[in-house]
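Asks: There's a structure below that I have some questions on.
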């Protein structure tokens, strides 16, 4: 049967202009899907960051003495360093009058154990590598860091759902129709996710992108295999 189909395909023109255009179209589909599959690496990257302390200028000269006065220390991955999630609760605006240099103040050597420690509510992110990510957009660090694990988990759950839905749909209604529906969902979900106003909308958008992804790639691959010669 396969040999007869290949003979017929060769008779009507073989790998002609129509098949070439279809190949380019399928390749573009796979390229955009690849962007989405690897997107979390860049979209969910965590830039270097530090706590925004009320009463201190963002351009503070963060010497070691200044950090000792503002931030407690903690052990991370076996190394002792300054925490990015807590700070000493002082009236910094009154003490330093928004100074950008803490090293000149005599209270740097004060007893830190008597000062209460409070969690950070806002952060300053280094934008030298990433102008913006979902981490810096919605402060997904410290107590909210656990939300990051659900981004990729939700995406892979969408891929599983998409395999089940479009696997059945392509057998029931045909590869072409299933692929077109998947492309529409993929396109609109991608655009909507780009303008997501909050974390939950972003996660839902990524889920529907993942649902459509198997329909775009799987149906497209099966369809192309039926249209090209085997050599």
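Every residue, even glycine, has its Cβ placed from backbone N, Cα and C.
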Asks: Labelled transmembrane segment by TrEMBL, one stretch among 114-135, 180-201. Can you tell me which?
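Replies: In TrEMBL, residues 180-201 carry the label transmembrane segment.
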Asks: Under an 8 Å Cβ to Cβ limit, what residues of the same chain, 6 or more beyond the ends of the transmembrane segment (207-228), are close to it?
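Replies: Result: 9, 15, 19, 22-23, 26, 29-30, 33, 36-37, 154-159, 161-163, 165-167, 169-170, 175-176, 178-179, 181-183, 185-186, 189-190, 193.
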